[in-house]
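Taken from TrEMBL, the feature signal peptide applies to B:1-19. Annotated disulfide bond per TrEMBL: B:25-B:40, in sequence order. If you look up TrEMBL, you'll see B:54-198 marked as domain 'Cupin type-1'. Feature annotation from TrEMBL assigns Mn(2+) binding site to B:101, B:103, B:108, B:146. The oxalate binding site annotation in TrEMBL covers B:103, B:108.
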């Protein structure tokens, strides 16, 4: 009896391709990507582990910014391919912060988990800043420069949600001082003092 | 003279790629797909038959639901690749019906052709139901659970239009009772009686 | 008991706006429209009739083209607002045809219902033409110039699906000969003979 | 000096509208919405509090499912309007669960915070299920039916990210048993026993 | 010191794929394309020349229309892949013009550089025409038939911007008279005289 | 005769709304905007001047950057509403430049018209820089920080095309030094020296 119904359902769906019975496109990370994401893995090779990431834990906050980002983007979680969504974990040691940065094609929501973070974003017209504690969330609209500073007395942790499966991160200092453009050009187009540029180029690895 | 103009036009367009002179992307069904659809077939291999499907006829309605769906999705009609559109034919024998189902990323319009169908869709706030005859059409918005029941005295036929070249079909019974999740888990998360779950799992081929 | 559960569910959803419990945006046809469609009607004023259109019947084919189009676009079927989908019915008397035309932001699928139609579309590289009978469907990709001619011995009927709730129709003759641009300008930019332009302007109501 | 530069910058930007200097569209919740979201608040009335929500705390889990959802959707957080992103908090008491449901136009990522949750989603081809603990995240692709069950020995908490500022929630039981469709019709289109339908209609407030 | 910071930054970003640190998708013109564009070149093979095109100069205007189009579409400028943008240069000798044409999935803005051009577009409801001189720009909305005529006493030059990296060009004469559809069919579906069709087919290389 | 055909065409189109016969959405700049743009002006109030902008001329380059931007965005050219396209003119006096900036939701193509400009954009992985002369164009992908410097011996002029009708401009100095965030916070999150921040705040009008 059971077999009868199963066969019947298969018959009902018989002229329907694999695209019909799967409603996701798990990234084939070994293949090329395109403007809308990676190619889809063959559905019969997809497992639940393509939709689960188990390394969403605190990163090492002992570096210069005392900050760690643990991403769960398409590279870590291939099931988000094409879905316009990803997340990350942010850990800040005491005094830690994420310097000014933006995401080229992604908005971001920060969910406070622990400690206290002062966060904000800047538009040409105004700056929007708030000190956040557990129970607070804050949204940073797409493409705007924003920062997060541990303003509390201990560690701080937050979760970040992004409207892009691979949101990128344009860290301002890395952009300005980590490249090989002539320091004079950077000074001119930022209006920073030449000495300031040279000092930070030395720190962020830029040449020129 | 004719050759002169032809050559001139080629010259006018001479630096322009094949992408310039073709405005479609017929699916290469042998290649991988991605979040926006299949890769394009080489334009010089495209024929009119990539845009025509000739099997759009009544399916066999002798099964349990006395229903047949004849799809013309990207698998049958590769010319719809990337166009956000496809169609299907629905035939219902007397007493036939399409059980509750949804399409994850597609709206649907039903065009009544013959007979009488009572159709509806359900939101958390309300159910919208109507008995339809030839001359009537009905739209089922994206992602909402809907059904179609032959409420007439003979056969019924309708055409379906979808806003997706590969609209998928989440047939509720197949989701609930065709899988291998534990029956206890299904009972818990549906609030159905355990015995009811077991009974329908037997019918739809689910184990567990 | 029933009341208990109902109240509970309301509580579960209590902080959730009306936007949460409705998953459609029925057009308020009395309001303004915008790039993505009309504003939404207040959900509590929506009825099933916003999703149903009952005038999907043969139009009058006694005019010059012996053709009639019965649209079910957002104006007739406000429930399609924002859904990227609409349909129309095409009736052709013997000898009837739809002259060359395009849709600016919509693809189209034609479903043959009755009779015989020879249809085709044209790109700069090639023309794609087919004679269609019941059981055949054909897709016309977005923006391409296409035509439908009754090539049979009697009436012909087809249903049309569009990937736009308000697909527009750029009827070539109406564009070329129904406006007030100087006939000389039309002749120049089409390379048609001036006399031909004047003749058709007289027919399609253009001045100049 | 400072004034000079400020004036200069204003001059540089002088012919530029308010749309130029603001890169967000905070929802005017008092106005109508449309297919792409709410109208924008006048930029000069926007404050940081449009981008912050401070009620992101545990809800009351003493109801039938022992579950609480605290949304931060466009209604609570108007700054997410048009950004394709929102979040919610899920609290499950011991034994609590979120019954099977889907979101019509949104994917979801679950971030485990505390306790243990067994979660899964179902496609016509397979079910994908996993038991999650802190450090795990799981993605549920758009439109698919999914569930979350507290499978641990105490409370469980998770954060949810959505790819839609107003993701809706199609709770299966509410759809099936909370409406006024005839019980016979529900039984037919679900294949559930009539008695089962009547029993659950009593529980979920449906009539008919 | 510098090395320390560089290493630190790499550590901060260490779990992040190449997709994270590149925010573009330069076309791999040797690979297949899909509905959203070409596959991305490997980021380490991208150079500044993928974003620069140096052949944006006047074309040869000695042909029948005395017109030349120099495109900078994805084929010439692979850096625009997936970005929804491209440009072209238009040169018209005295008396030159671009015949009526449309772009299937692109709007266009014309920037006058030199001389005088009379341009316009046509909808079923009205024609919109203007004589443009340097300092003027004009937009032609997506999919609408439009023309550009040198109405001055010397050469004319304009730049064109498109909302598509590969905007196509549906040149009306080439569509109507460059194909192999029977002249009788063209005459019928355009309402042009048969002799007119034959005359222009001879000119544009069409057969049939 | 002419009247007959005109009436016939009106009859053919008789059940079709105004949305059917207009394929654009000119911005009503007096109304509210939303996530996809402004509401549409009533079609019968649209004139050709909604699609033409006649102030596309050199701006005043006598200010601090010796730069002038003349935008033709939706505010100046309401016909681009909803079309994903706009343009601007850039004039640089000798020594002039556009400081580092980005556009949150727009790519940009620069067309060199006169003089010499050294332009570039920066990603976390590399900087892409080129000296451009007439005949050259360069694309700056969405959201990336970029600059344009007059590197020639005289004036320089370029036209800019954007993939957004209202592309915004995030001028880095204005963001960093034109706001009221505490200078200490800016110094911390940029790693700039406090004195440098204070110096530039004085110049760009920021307080704090």
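Placed from the backbone N, Cα and C atoms, the Cβ positions cover glycine too.
Since this is a predicted model, take the numbers as computed values, not measurements.
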Return the member of B:101, B:108, B:146 nearest to residue B:25 (disulfide bond) in space, with distance defined Cα to Cα and candidates limited to these binding-site residues.
B:108
Give me the non-local Cβ neighbours of residue B:40 (disulfide bond): same chain, 6+ apart in sequence, Cβ-Cβ under 8 Å, ordered along the sequence.
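Set apart from residue B:40 (disulfide bond) by at least 6 residues yet with Cβ under 8 Å, we have B:24, B:25, B:26, B:27, B:28, B:81.
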Which ones, out of the recorded positions B:25, B:40, B:108, B:146, lie near enough to chain E that their C-beta is under 8 angstroms from one of its C-beta atoms?
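Only B:25, B:40 pass the 8 Å Cβ test.
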I'd like the number of other C-beta atoms within 10 A of the C-beta of residue B:101 (Mn(2+) binding site), please.
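So the Cβ neighbour count for residue B:101 (Mn(2+) binding site) comes to 20.
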Looking only at the domain 'Cupin type-1' (B:54-198), how are its residues distributed among DSSP helix, strand and coil?
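With helix first, then strand, then coil, the domain 'Cupin type-1' (B:54-198) has 22 helix, 57 strand, 66 coil.
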Can you give me the residues near the recorded Mn(2+) site, meaning same chain, not B:101, B:103, B:108, B:146 themselves, Cβ no more than 8 Å from the center of the site's Cβ atoms?
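Here the nearby residues are B:102, B:106, B:121, B:140, B:144, B:145, B:167, B:169, B:170.
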So for residue B:103 (Mn(2+) binding site), how many other CB atoms are inside 10 Å of its CB?
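24, counting other Cβ atoms within 10 Å of residue B:103 (Mn(2+) binding site).
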Over all shown protein chains, what is the count of other CB atoms within 10 A of the CB belonging to residue B:108 (Mn(2+) binding site)?
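Excluding its own Cβ, residue B:108 (Mn(2+) binding site) sees 26 Cβ atoms within 10 Å.
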By a simple count, how many Cβ atoms lie within 10 Å of the Cβ of residue B:146 (Mn(2+) binding site), its own Cβ left out?
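Taking every protein chain into account, the count is 23.
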Including all protein chains shown, what's the count of other C-beta atoms within 10 A of the C-beta of residue B:25 (disulfide bond)?
28
Taking DSSP three-state, what's residue B:25 (disulfide bond) in: helix, strand or coil?
coil
